[in-house]
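Single-structure report; data block below.
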């Protein structure tokens, strides 16, 4: 009786050890010859030894454990779950569908459209001087003498801004009759500049003459030259037109 009990216990131990040693079906996937791991039955891909995940058949890559997405073969990266796009290797940001530009890592913002570029006060005045030379009639070429700063230009959100500057008659070009020109004669121009998709300006200019000392010989000289002065005298004029604004290089 004791021997039969011992043999039954030994048989049970042998059966239990055989079940524990016998291997089941291996559901793990062995890597291929090139080191890549094919997807499992559910389409998921296990990460490699270095933690990287190979892209799928459509070229997309699943986010890593930290939520980051590696760029594709062309350097592009798919947007994240919140719609944002990570910065490229050079720090540039791809514009979104609505046209907005995200600042770069250094804080600067790339221009989206030319009419949204930052226009300085000097850029607007130089464009206004070019407009004057296009609109006025005569051989005289005006050039900028002084740009008078206007308060509220920097940081303002208004599209229409005030300008004030002085222009003078430049040297006479060779081969041109410039008898009606007075090199160095000043004119004071004021007006507004509209910063829009097509910038425009409304300017009013008037001659700026120095006030002479009222001595008797000055009065005689003015009387003798009165006719010549009246023939060459200029009247205030009004100019309105589109501006061709070009940004000046920043130092």
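Note that Cβ sites are derived from N, Cα and C of the backbone, with glycine treated the same way.
Database features (Swiss-Prot):
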DISULFID  172-181  disulfide bond
DISULFID  189-205  disulfide bond
REGION    29-109  region 'Disordered'
SIGNAL    1-20  signal peptide
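Least crowded of the disulfide-bonded residues (172, 181, 189, 205), judged by neighbouring Cβ atoms within 10 Å of its own Cβ: 172.
Annotated pair residue 181 (disulfide bond) and residue 189 (disulfide bond), C-alpha to C-alpha distance, rounded: 18 Å.
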